[in-house]
Amino acid sequence: MRVVVLRLGHRPERDKRITTHVGLVARAFGSQEMILAGRDERLVEGLEDVALRWGGDFQVRSVSSWKAEARSWKEAGGRIVHLTMYGTPLSESMEEIRRSDPLMVVVGAEKVPPEIYEMADWNVGVGNQPHSEVAALAVFLDRLFLGRELEMDFGGRIEVVPSPRYKTVIERRKEDEAEG
Ligand code: SAM
């Protein structure tokens, strides 16, 4: 299933860390792309660097018009779910959402433009308490993929060897990858 995350409302001077975390969660929890509404080259480069070292095929790109992006997504047959504390319960629409491929998941920052409520096929609440786009996205993706995303093999240059007590990491050299 193709899932892209659209991050609205990024303010480069305030949201670097939280938008980076949106990107990290998007990648680690099974989405293939984050689209950033607005520009922040360093943030994009930082996430690309993570993807390069830790594997997988996660992409990040900036767009100047989120509306144009969402419109063309829908024109191409994609569906949109907007995560908001004002939305309907996750469990009510999850089965239908799971059948909707490709899927765009929209998360906001401080405020979201009102049009997104109209453009979205679903406005979904991960509970109806205010919390965070990072938490909302993680819970949503985990429910969407039924937890299986946590077993994905990213095939990265860096890989953690799970351990009950120690930090064990394998780091392959670039040259080793080139040699196969
Ligand atoms: N007024 C916002 C709202 O509509 O959810 C809360 C702003 S919150 C700081 C930033 C983002 O976190 C929101 O745009 C939304 O994507 C996400 N978020 C926060 N709480 C959520 C919840 N209970 N369910 C779903 N998404 C939530």
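Each residue, glycine too, has its Cβ placed from N, Cα and C.
Heads up, TrEMBL stuff is auto-annotated, nobody curated it.
Here is what TrEMBL says about this protein:
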type	residues	note
BINDING	LEU83, GLY108, ALA109, GLU110, LYS111, VAL112, VAL126, GLY127, ASN128, GLN129, PRO130, HIS131, SER132, GLU133	S-adenosyl-L-methionine binding site
Within the same chain, the residues at least 6 apart in sequence whose Cβ is under 8 angstroms from that of LEU83 (S-adenosyl-L-methionine binding site) are VAL105, VAL106, VAL107, VAL124, GLY125, VAL126, GLU133, ALA136, LEU137, PHE140
Among the binding-site residues LEU83, LYS111, VAL126, PRO130, which have a Cβ atom lying under 6 Å from any atom of ligand 1? LEU83, VAL126, PRO130
Using a 10 Å radius on the Cβ of ALA109 (S-adenosyl-L-methionine binding site), the other Cβ atoms enclosed count 18
To see if you understand the setup: which same-chain residues, six or more apart in sequence, place their Cβ under 8 Å from that of LYS111 (S-adenosyl-L-methionine binding site)? GLY9
Taking every pair from LEU83, GLY108, ALA109, GLU110, LYS111, VAL112, VAL126, GLY127, ASN128, GLN129, PRO130, HIS131, SER132, GLU133, which the record gives as binding S-adenosyl-L-methionine, the longest CA to CA distance in angstrom is 18
